[in-house]
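K.L.:
Questions regarding the structure given below will be posed in turn.
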Amino acid sequence: MLREVTISRAIIESYYRDLLNNLELDVAIVGAGPSGMVAAYYLAKGGAKVAIFEKKLSIGGGIWGGGMGFNKVVVQEEAREILDEFDIRYEEFEKGYYVADAIEVATTIASKTVKAGVKIFNMIEVEDLVVKDNRVSGIVINWTPVLMTGLHVDPLTVEAKYVIDSTGHGAQVAQFLLKRGLIERIPGEGAMWAEQGERLTVENTREVFPGLYVTGMAANAIAGAPRMGPIFGGMFLSGKKAAQEILEKLNL
């Protein structure tokens with residue numbers, strides 16, 4: 001006989017264990033888009049304890065819709081090895097341009113990331129940062145519906161040696177530092193220029209404040225660099241770069 005209360009208990013107890021197990025992390029990633037998930041995958045493969053916090057119900061960021069709802073994405077030659085790493089199928093459109101199914105990209109990266117040992121917490125929004133001794137040392141979290149409805153509910157905190165802002169165009173995590181005068185400015189992304197946008201996304205992936213990295217479009221927003229549209233190689237390479245640098249700093 002199926003008992004409703006047993007179903008409830010199974011969900012509550014297993015989620016409770018997951019949350020408790022991820023209150024102290026090597027790396028907390030904010031945003032489960034392409035750069036955030038790729039960073040998490042390589043971090044976990046390298047031995048780091050990592051979790052992703054995504055404010056939306058679904059993960060994947062801007063992958064799903066491809067370009068203008070045509071659910072295909074393009075990846076350039078430099079990032080093709082990451083498609084191979086994730087066993088994502090693709091076809092060559094022209095030399096150096098590879099086309100993949102957006103749904104396969106989103107679901108495969110998510111699945112492989114979770115199977116690498118990453119816990120993804122969806123419907124949890126980061127509303128602030130923990131900053132101690134001039135270093136980011138954790139995130140302040142609350143349920144997305146609580147923040148959406150404006151209810152006065154105090155948050156909880158997660159401790160992390162490093163935090164990655166993978167929130168995309170708004171660089172929402174870095175904004176908390178800007179608001180407190182801990183970084184000088186966030187100019188926002190520039191106009192569309194795919195070639196420069198892709199190159200600079202990787203170049204701008206860095207530690208912008210002790211303990212805080214930026215990846216993907218958040219990296220370009222911090223630097224005022226161009227957007228690039230539905231080409232995702234830069235996102236993937238950005239996530240991998242951040243993971244490699246953090247693993248080195250963690251001595252893993």
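Indices start at 1 and increase along the chain as displayed.
Each residue, glycine too, has its Cβ placed from N, Cα and C.
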K.L.:
Which one of S8, S14, S35 goes with E54, K55, G62, V126, H152, V153, D154, M217 at the NAD(+) site, as Swiss-Prot has it?
P.N.:
S35
K.L.:
Measuring Cα to Cα across S35, E54, K55, G62, V126, H152, V153, D154, M217, which the record gives as the NAD(+) binders, how far apart are the two most distant ones in Å?
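P.N.:
Comparing all Cα pairs, the maximum is 32 Å.
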K.L.:
If you count other CB atoms within 10 A of each CB, which of K55, H169, R227 wins among these binding-site residues?
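P.N.:
Within the set of binding-site residues, the most crowded position is K55.
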K.L.:
Measuring Cα to Cα, how many Å separate D154 (Fe cation binding site) from R227 (glycine binding site)?
P.N.:
36
